[in-house]
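Quick look at what Swiss-Prot lists:
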DOMAIN    1-279  domain 'FERM'
REGION    341-363  region 'Disordered'
COMPBIAS  350-363  compositional bias 'Low complexity'
BINDING   Cys360, Cys363, Cys368  Fe cation binding site
ZN_FING   387-422  zinc finger
Amino acid sequence: MLCYVTRPDAVLMEVEVEAKANGEDCLNQVCRRLGIIEVDYFGLQFTGSKGESLWLNLRNRISQQMDGLAPYRLKLRVKFFVEPHLILQEQTRHIFFLHIKESLLAGHLQCSPEQAVELSALLAQTKFGDYNQNTAQYSYEDLCEKELSSSTLNSIVGKHKELEGISQASAEYQVLQIVSAMENYGIEWHAVRDSEGQKLLIGVGPEGISICKEDFSPINRIAYPVVQMATQSGKNVYLTVTKESGNSIVLLFKMISTRAASGLYRAITETHAFYRCDTVTSAVMMQYSRDLKGHLASLFLNENINLGKKYVFDIKRTSKEVYDHARRALYNAGVVDLVSRNDQSPPSSPLKSSDSSMSCSSCEGLSCQQTRVLQEKLRKLKEAMLCMVCCEEEINSTFCPCGHTVCCESCAAQLQSCPVCRSRVEHVQHVYLPTHTSLLNLTVI
């Protein structure tokens with residue numbers, strides 16, 4: 001089955017997957033080609049029959065979510081935005097930049113005149129490099145008014161000249177830094193109508209839910225702690241909110257389609273879980289619906305049968321867990337690369353495959369395969385002794401009363417519940433494991 005996936009820079013990728021493939025299979029293949037390990041930040045979008053932008057559920061079959069027949073057209077988009085310093089890979093940072101650039105030029109992110117001047121200079125630097133009077137001015141008008149005043153143009157030129165020698169990657173990072181400080185950074189907007197039929201925009205972001213008019217002028221902001229419950233019924237989404245008086249109020253939002261309503265419901269639940277929770281709960285992970293065939297099979301055959309099961313949410317990790325997972329993956333990739341590299345060979349990318357051969361003279365009687373196996377065991381042993389929170393210090397603390405021993409002393413002191421079983425921590429006991437750093441630092445060869 002063929003899928004056409006468009007990147008934020010309008011480059012089209014052809015992706016071939018199995019006929020029964022889930023969305024995750026397609027996204028993983030795209031990210032693998034781009035060299036991206038931090039897959040959890042991204043998603044695949046498509047356009048519904050009524051023009052609504054919808055997220056593909058990565059845990060369900062692609063063919064069951066799309067209209068028509070293959071090839072299917074999808075868009076690679078950033079689903080969860082994080083602070084630039086939390087992005088570990090330059091490839092990931094570049095896709096973030098492309099998405100942000102597209103949003104800026106489309107007017108989805110509002111910036112002040114001062115920010116527009118600075119961003120115009122940075123965007124020109126990423127596109128053309130150092131200032132050149134023959135080419136740079138054509139990109140200055142993208143963010144500022146079409147007819148630039150001489151003072152505005154001079155300000156942008158001055159800023160651009162100050163960027164001389166700045167690399168494209170550095171300029172892209174500075175763009176992300178500026179945009180991440182904006183009020184609407186990381187907010188996903190949904191077009192709705194209220195109970196009276198008035199057109200509104202609902203923004204779902206890291207801090208809560210924003211209700212705005214069509215021109216983005218704010219009406220109300222709802223923080224996640226005061227949201228009791230979000231539910232969906234047909235084309236409607238209901239939000240139960242606690243008022244300052246302590247009473248509850250139910251807000252009704254009407255969507256253009258049932259799938260659009262499902263998209264808003266998913267956005268509220270998944271965004272809250274990603275940014276505000278320590279881990280994704282099983283209540284979110286395991287929520288699903290069944291089609292008629294699957295429902296009948298579950299009644300007469302087995303309640304746990306997977307036939308006809310469609311998951312409601314596809315989020316697997318929170319922001320903290322994504323960062324930790326990516327750090328471990330990059331660390332592991334770097335260790336494998338160091339093991340497989342000859343002493344005489346030049347430094348290579350930390351993501352380079354470990355297929356390169358090791359000279360037999362360095363194995364000292366062991367075969368190359370045996371050496372790699374032993375090095376892999378050593379790597380796993382060293383990783384197992386690291387704190388699961390910071391991934392830097394050795395494990396030396398036990399949570400009581402549950403008994404899990406997975407953190408260093410400094411991280412354990414900051415946790416109120418065990419990161420493994422989620423039980424409450426009454427106190428932390430320092431422990432002395434039968435290991436020593438010097439032992440783990442021994443090399444096999």
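Every residue gets a Cβ built from N, Cα and C, even glycine.
Worth saying up front: this structure is predicted, and the values here are computed from it rather than measured.
Under 8 Å from some Cβ of the zinc finger (387-422) lie the Cβ atoms of residues 278-279, 324, 327-328, 331, 428-433, 435, 437, all in the same chain and six or more residues away from its ends.
The average pLDDT computed for the domain 'FERM' (1-279) is 91. Per-class residue totals from DSSP over the zinc finger (387-422), listed helix then strand then coil: 4 helix, 7 strand, 25 coil.
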